[in-house]
Each structure stands twice: as C-alpha cells, then as structure tokens.
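Noted in TrEMBL for the protein shown:
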COMPBIAS  48-58  compositional bias 'Polar residues'
DOMAIN    406-633  domain 'P-type ATPase C-terminal'
REGION    48-74  region 'Disordered'
TRANSMEM  468-488  transmembrane segment
TRANSMEM  518-538  transmembrane segment
TRANSMEM  544-565  transmembrane segment
TRANSMEM  572-592  transmembrane segment
TRANSMEM  598-624  transmembrane segment
Amino acid sequence: MAAALPITGTLTQNEMVFKRLHLGTVSYGTDTMDEIQSHVLNSYLQVHSQASGHNPSSAPLRRSQSSTPKVKKSVSSRIHEAVKAIALCHNVTPVYEARAGVTGETEFAEADQDFSDENRTYQASSPDEVALVRWTESVGLTLVSRDLTSMQLKTPSGQVLTYCILQMFPFTSESKRMGIIVRDESTAEITFYMKGADVAMSTIVQYNDWLEEECGNMAREGLRTLVVAKRTLTEEQYQDFESRYSQAKLSIHDRTLKVAAVVESLEREMELLCLTGVEDQLQADVRPTLEMLRNAGIKVTNRGEAHLELNAFRRKHDCALVISGDSLEVCLRYYEHELVELACQCPAVVCCRCSPTQKAHIVTLLRQHTRKRTCAIGDGGNDVSMIQAADCGIGIEGKEGKQASLAADFSITQFRHIGRLLMVHGRNSYKRSAALGQFVMHRGLIISTMQAVFSSVFYFASVPLYQGFLMVGYATIYTMFPVFSLVLDQDVKPEMAILYPELYKDLTKGRSLSFKTFLIWVLISIYQGGILMYGALVLFEAEFVHVVAISFTALILTELLMVALTIRTWHWLMVVAEFLSLGCYVASLAFLNEYFDVAFITTVTFLWKVSAITVVSCLPLYVLKYLKRKLSPPSYSKLSS
C-alpha cells in the first residue's frame, strides 16, 4: 500500500506566525521586529509631514525615484516599501462584528471611528495571508477596510490611506503566485505588486545574488517562504495593459492562454522587495504517526508546496527521494517508468512545489505501475484531485475548509488520527469483511453440496431436500444473527494494534482473503455438506422425514459451531446471537409438523445421531485449526499469549 500526503497543511496546524523578513542586505527576526515598527513609524511620519507641507513636487519626485532602480535606497525606505507591499498584496478582508450587514460606504464611515476595535477579524482563503496581514498590523500598518474596488490602510500616525484596486490576479497552484494592481488615491501612483514561491518569482524579479541562498537558509529553519516584488506603472502602461487584458478575457478561443500571456507580459523585470518567512508548527504526534505508517509497510509520498532543502538528507545511508516540481514535470513527461521504479525503492518520497495535476498524476502512476492500493491524504482544495485519483481518500478538516473532507472517502480532524484509522479500524474492517464474506459463501455452499449429494443418491431426481419455511429460516433467523455477529470479532486489542503496526503487514500478504482461502472454504463446505448428507442417509431408519430432521438439525448446529470456532474474541452480543438462533430453532420445531416428526425428534436416538454427525463434520476442522495454531501460530496470537 502507498500513502500520498501533502506536507503543507496536512502535517501542520495551519496556524501561521511571521518569523523572518529579509531585504537582501539585512534580515529581521522576531527579536528585531521593534526596529521595523520604528522604521515604519518614521517613514509615515515623514510622508505625513511632507503632505501637510503641500509640496506639489512630492508626487512626481517619488515617481521619478521609483523609476530609477539604480539609486540605492535607504534601509528605512526599503522597509517602508516591503511592509506596504505585504499590506496591499493579498485577498484578506477585515470583518467587524458590530458592522455586519452594512453597505460599503457605511462600513468605511464607521471604520473611521473604531479602527482600534478589538473585534476586528480577518477572513482569507489561506492562513498565510492572514498571518502576513496580522504582522503588518503589529508593525503599524493596519488593513481597516476592503471591498471589491478599494482598500484602506491605517498608518502608525493615524492617517487613513485609500488605494483603488484596479486588477486582481488570484493565487493558483499552477502559477504559484498572486498579484494586484492598485492606485494610490493621494498620489495617483499605479503599482503592480506580486508575491509567490521562489521558484516562480526567481525568473520574474530583477537579477540578484541573495534570493536563492536566503530561501535555502529559511527552508533549513523550517519556514515557509514568499517572495514579494513590485513594478511601478505609468498611466499609459496600465491603459495599454488593460485594453489587451480586456480583449483576452473576451476571446472565444484559447481564452486562458491569452489571458496568461497578457499577464506574463507585465511580470518582467520586477523590483525585488523582500523575502518573508512564516512558521507553521507540525501537528501533534506527526512523527510517531509517520513512523507507524512506515513500520506498517506503507510507503509515504509527501507532496507539498514547501521550499526544497537537500542538506538534511545528505550523509544518510537510507535516503529518501526528494524532487522539485519542475524536475518532476520532466520526469512525468519523459521518464515515468524510471521515476516509479526509483520511488518504489525508496522508503519515502518528497515532492516539492507540486501542482494539483502533478499530485493526481503521481497517484495514478503508482496505482498503475505497482498494482497496489493507494491512499491520498489532504486538507485543502488543491488536494481534491489527488484524493479522487486514489483508491482511498482521506480528508482532514482544517482551516483551509472542508473541500478535501467532502471529496474524500473518510474524514478526520487531525493527522494523528490516521494511525488509529488504519491500524485499528482499517485492519479490523478488512479482517471482519473477509470473515463475513467467506462465511456467507460457506453457508450457501454447504447446503448446495447437501442438495447435490441428495440428488445424486436418488438418481438425480429433481426433488428439493428442504422446502418452504426451512429454506427461509436457514437463510434468516436460524443462522443470520451468529454469522453477522462476526463483524464484532477482533484478534488483538486496539492498543496492541497501534503498539505493533507490523501487524498491518499481514494484510498486504492477503492471508485473510485470497484465492487460497477461497479454496479452503470451498473444500470445507464440500466436506461438511457431504458428511451431513451421507450421515443422515446412513443413520435414518424408515421414513424420509427422518432424513430431513437429522440433516437439517445437524446443519444448523454445524453452522453455529463453525461461527464459534471462527471467533477469536468473544463479545456478549455474539453469545446472545448464538443462543438466540438456537432457541429460535428449538422453539420452531413444535410448529413445523409438516417437516418434522415430533415423536421422533424427542427421542434419544435422534439426539445421538445428530450429535454424531455434527461431531464428525466439525471435530476434524477443530483439530486442524488447533495444530496449525500450535505449529505455525499467527503473529497476533503471539502477542495475545
């Protein structure tokens, strides 16, 4: 069995905390956030003082400076630009509980009065976005209002800045980035902000010599990285882009490709502002759960969107396969067989920066090439295709919504619950289903064998052995309850199944349900059916009704004894089912005068004949089962002893 799960979100808590901001020459951590707050405060105080001085040349001066990237900016101005970009480039909406159901204009009017409202909450499609906006709020730049066309930021000096949203390019798993074009209402400056994964942004931003190295440093610290960049647009540039963008959206043929081409024309030579690092802690008991899956013989393939870091895997003898999304795309296109062969030889596989299509493709390849069962585990909307492509899908309900859990076969709330789901419930379900299915088959084959023997003895006459209520009772009240009580059986306790996940390996060997077990149950059915029928024919005296009474009573007792021999752990409902079925049969004998001779079934002769036939049909099987348990005991019996 192979398990596929994305690292991001599925193994983590989705509770993001901003940890690092890198500007290329200087880096800020959690212990130096007060410096960023001071720089942001000073920069906005300076801007506010310039605006209050009514300097008409301030706006064009700012535009001319931003259009000359060769001019080296101060650390304060770089922090100012980075924080502003993070505060603007997102899809977060602030929500005030006191203002629910109010129109947009009224919301802004009330927001002017209660910007410091502690009831403000942020809503977004991703917890990463909320973490970044909360961080900008902590350093002084607060998102106070947003609608479809504009957003408002509150500066540390108390000034409210309004930005008009001209275009919005949402994040997709394929592009791995998002962008927004805004116009500053105070300066009329148009800026295109973009943020995304390092693999997507490295080819978009201007040349630099620190981005790749710092992404690796943050990855070694376990941080999720985002690259933030911007590009200042003139009015003419934006109008040209808007006209081409509108034409592309109205195109009938290849609309998606044309829209992407127009947007990509804007994503050129962007100014790199900063690199952010956000921490997302692992969920509880992730490592023990992964070790449990490995000990159970389940190969794990992690498919996430985190940065690739190989140093942790070097100098290890038992290495895993780690591959990035770009390399994976080449392998999936040209080297499918080699990739699957290598992945199957590794104890674990890690795929970084994968798209939803790639995740589903890998699951399909593993299922087709290995002929094994695949299980996909995810928690977000980008995992739905992978979950649906697997034989078994498990969705985790989390902060990314319920899309994965609704599309999956099973739904859980924490990743650690997978251990109990597979080791206990999955194992018991497999063994119980195997026992129930084979016993139902045995129940039908044994009576078919008796009918075949009966017909062959009487020259294949088309005379039914049992008629009417006997057949109905055999399939229902006489044997139904004990047979279906097998779903309560268990070979080991749940605590032992979790403590020894190696027990799960027996399931992959098919010892509980295979062609071999099918043949064994067929032979058992033929043997018992023949013994019951021939024994009744040999021991009956004068009337044919005695054959029916002896054989049918022995058949019911044999079925009840076989259920008892199959059970490994008795449950009180099993005992009730056994005695209830036996009681129903004994009680019905008084009302079945049409099928039984009441005077005969109350004699000692009837009892010893039924007992003898039942013992001959069941005792050899019990002896063989006892010898097998002593000579070649199953793994679970070693633990129970």
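Note that Cβ sites are derived from N, Cα and C of the backbone, with glycine treated the same way.
Of the candidate ranges 468-488, 518-538, 544-565, 598-624, 468-488 contributes the most Cβ pairs within a distance under 8 Å of the transmembrane segment (572-592).
Same-chain residues lying 6+ beyond the ends of the transmembrane segment (544-565) with a Cβ under 8 Å from its Cβ atoms: 439, 442-443, 446-447, 450, 465-466, 470, 474, 478-479, 482-483, 485-486, 528, 532-533, 535-537, 574, 578, 581-582, 585, 595-597, 600-601, 606, 609-610, 613-614, 617-618, 621-622, 625. Counting only same-chain residues 6+ beyond the ends of the transmembrane segment (518-538), those with a CB under 8 A from a CB of the stretch are 438, 441-442, 445-450, 452-454, 457, 465, 547, 550-551, 554-555, 558, 562, 609, 612-613, 616-618, 621. Distant neighbours of the transmembrane segment (468-488): 432, 435-436, 439-440, 443, 447, 548, 552, 555-556, 559-560, 563, 566-567, 571, 573-574, 577-578, 580-581, 584-585, 588, 592, 594-595; these residues of the same chain sit at least 6 beyond its ends, with a Cβ under 8 Å from one of its Cβ atoms. Mean model confidence of the domain 'P-type ATPase C-terminal' (406-633) amounts to 89 (pLDDT, 0 to 100 scale).
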